[in-house]
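*Asks:* Here it is, the structure, as structure tokens.
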Amino acid sequence: MKDVKVLGPGCKRCETTAEMVRAEAQKLGVEVKVEKVTDYAEIAQFGIVSTPGIVIDGKVVHAGGLPKAEDLAKWLAA
Amino acid sequence: MSADTSQSPTVISRSSALPAAATVAAVALWFVVYWRLEDFSSWIVGLLPLPQDDHLKEAARFFVYDTPKVLMLLTLVVFGMGVVRSFFSPERTRALLAGRREGIGNIAAAGLGIFTPFCSCSAVPLFVGFVSAGVPLGVTFSFLISAPMVNEVALGLLFALVGWQVALTYLGFGLGIAMVSGWVIGRLHLEGWLEEWVRNVRAGAVELPAESISVADRIKAGIEAVRDIVGKVWMWIIVGIAAGAFIHGYVPSELLASIMGKGAWWSVPAVVLVGIPMYSNAAGIIPVVEALLGKGVALGTVLAFMMSVTALSLPEMIILRKVLTTKLIAVFIGVVGLGIIAVGYLFNALFS
């Protein structure tokens with residue numbers, strides 16, 4: 001079970017990113033818990049500058065713009 | 001289901017030759033069309049059943065010629081910058097700026113503001129991310145001022161519609177305002193005027209794993225930038241061009257020259273004040289700039305107006321209110337506004 005956090009104030013891209021994570025995880029058969037972090041102070045604690053960001057099991061893997069599906073697969077499989 | 005796991009991570013390197021060739025062909029086609037654009041527009045205007053009214057004809061010609069011209073130029077410039085920007089990220093910019101001394105830091109921040117992708121919706125995480133990672137407050141402001149004001153859309157369109165001299169001057173003075181205003185704000189030591197939670201964030205810079213980026217991906221980034229930006233601003237542009245066409249065809253030169261000409265000393269601060277609550281992308285304001293200049297409005301006044309519209313906007317202030325106290329926002333508007341007014345006067349004095 002992977003704990004995935006999508007960091008972002010709630011823009012359209014953040015929604016899309018969360019959807020992508022779910023879709024990719026389902027495709028890979030990886031169990032995930034997707035949580036959206038929208039509070040600015042909380043987002044800032046992760047040390048990223050641009051949103052949406054993705055945190056998998058406490059580790060920041062992506063910041064700024066939509067992730068690529070193949071990168072997502074790589075992170076989720078790791 | 002889980003059988004898929006093995007295949008996807010390794011497939012990274014795809015051929016980039018085809019997309020690259022297609023891009024070159026598309027850019028060549030762009031130039032051919034652009035070269036013949038004026039003939040094409042005259043032909044269209046000739047076909048329109050316009051009455052023998054000079055004003056209407058002039059306005060229509062301006063509109064029919066400028067709309068495809070501006071949209072084409074914008075597409076090319078945004079595509080080019082989209083590709084260039086795939087080499088930059090706010091995270092990398094921050095790493096370059098963290099721990100930098102003021103002065104040098106202000107210069108670097110203003111320069112990086114041109115290339116780093118930025119939209120006002122991400123102004124808050126960006127601001128907090130910079131300040132918490134040890135980028136000095138004044139340096140952060142230099143970046144925050146330069147990023148929306150001196151961008152590819154403004155420079156590309158000024159270059160194409162008004163000429164390279166004006167574009168270069170805008171670039172130089174825009175960067176100058178960003179450096180000096182940021183430096184001044186830094187000297188004032190206003191860290192205490194940040195919202196309290198911002199001061200309490202202590203996060204180091206995060207190290208991101210490398211993402212696979214090929215030439216094809218960079219081209220795709222360019223196309224996405226076009227879809228994103230041109231898709232968002234085309235309506236503003238058409239409104240801007242319509243306003244420009246109206247000014248071009250109907251507003252008498254004497255009227256504008258008397259209100260916004262060099263003779264009227266109060267016009268520079270007045271246009272800056274009018275520009276602050278206005279929010280328009282540079283793309284919407286430049287057709288108006290072009291038309292105003294054609295009517296003999298003073299260059300400094302027009303540039304001051306444009307800078308005020310792009311650098312100081314009400315929506316951005318509302319977003320920044322989450323991290324800055326009202327006092328600090330007032331200082332920000334005051335310092336940048338005074339800088340723009342100074343540039344406006346300087347220009348009107350220099351180019352007479």
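Start at 1 and count along the chain as shown; that gives each residue its number.
Glycine too: its Cβ is placed from the backbone N, Cα and C atoms.
Residues or ranges marked as active site, nucleophile in TrEMBL: A:Cys11, A:Cys14. Feature annotation from TrEMBL assigns disulfide bond to A:Cys11-A:Cys14. For A:3-76, the entry in TrEMBL reads domain 'Thioredoxin-like fold'.
Tell me about the setting of these features in this model.
*Replies:* In the three-state DSSP scheme, A:Cys11 (active site, nucleophile) is classed as coil. Sequence-distant contacts (6 or more apart, same chain, Cβ under 8 Å) of A:Cys11 (active site, nucleophile) comprise A:Thr51, A:Pro52.
A:Cys14 (active site, nucleophile) counts 20 other C-beta atoms within 10 Å of its own C-beta, drawing on all protein chains shown.
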*Asks:* Sort the residues of the domain 'Thioredoxin-like fold' (A:3-76) into helix, strand and coil with DSSP and give the three counts.
*Replies:* 31 helix, 20 strand, 23 coil
*Asks:* How does the model score the domain 'Thioredoxin-like fold' (A:3-76) in terms of mean pLDDT?
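*Replies:* For the domain 'Thioredoxin-like fold' (A:3-76), the model's average pLDDT rounds to 87.
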